[in-house]
């Protein structure tokens, strides 16, 4: 029943930035929603041209998105969302499902700014959703039930891993995965530069570093093993890996990464209070 409803959904995006565009590409590639059933709004054509190329409909009117859609994604900048919700509020009905991608805006705030019956969910994606390899978490408001949660998870699983969590985990997800993508890029850059230092051409080193990260991540997901177990499997007594790991431990890699996740999570919490 959920699959049938998903294929018949009219989906709207208020805001048409890169992250929203990444989600749409996932939905279209998986055949979840026809492009003709998707309507996006933005103040200018700057971002909308890419949506038109995908076959989606576009508009400069946010209210048109609500009037023509059942599932409405909010994808604006945080500072303009209150004004947008004030504009949309009169048009939101009991049949709408409203899903916010906006960082730092809580479900409580969304419910306060929308009609009291509104079915609200909040989702936090990350950049690899653009290539359908994202990590997303979502939480539901008081009026969103199992049907809405199942529908959202069914749709967004086409863009990567999608898990329902308590809302308190969303800021942690930001520190772990939203910002964490940048930590991985930094590590990939360092891996490749180490190989360049030892004499390998940069382009080749970068490709091998990226494939190394991809393969390691795939093994973590597919085996379900603890990272420490897989790390131990690579080490042999007196071999190259244990010598390298000793250097990483001397540089306090684990403690530094843990501190980074903590710092980003705390910043996400502060932004939500602003």
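Every residue gets a Cβ built from N, Cα and C, even glycine.
Keep in mind that TrEMBL annotations are predicted by a computer and have not been checked by a curator.
Given the structure is predicted, the values throughout are model-derived calculations rather than measurements.
Annotated features, as they stand in TrEMBL:
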DOMAIN    11-104  domain 'Pyrroline-5-carboxylate reductase catalytic N-terminal'
BINDING   62  NADPH binding site
BINDING   75, 76, 77, 78  NADP(+) binding site
DOMAIN    167-269  domain 'Pyrroline-5-carboxylate reductase dimerisation'
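Other than 75, 76, 77, 78, the residues of this chain whose Cβ falls within 8 Å of the Cβ centroid of the NADP(+) site are, in sequence order, 15, 17, 74, 79, 80, 81, 84, 101, 102. DSSP labels the residues of the domain 'Pyrroline-5-carboxylate reductase catalytic N-terminal' (11-104) in these numbers: 42 helix, 19 strand, 33 coil.
Averaged over the domain 'Pyrroline-5-carboxylate reductase catalytic N-terminal' (11-104), the predicted model has a pLDDT of 93. The most crowded of the binding-site residues listed here (62, 76) is 76, judged by how many other CB atoms sit within 10 Å of its own CB.
A sphere of 10 angstroms centred on the C-beta of residue 78 (NADP(+) binding site) encloses 14 other C-beta atoms. DSSP assignment over the domain 'Pyrroline-5-carboxylate reductase dimerisation' (167-269) gives 87 helix, 0 strand, 16 coil. A Cα-Cα distance of 11 Å separates residue 75 (NADP(+) binding site) from residue 62 (NADPH binding site). Every protein chain considered, the tally of other Cβ atoms within 10 Å of the Cβ of residue 77 (NADP(+) binding site) stands at 11.
Separating the Cα atoms of the residue listed as 'NADPH binding site' and residue 78 (NADP(+) binding site) is a whole-number distance of 16 Å.
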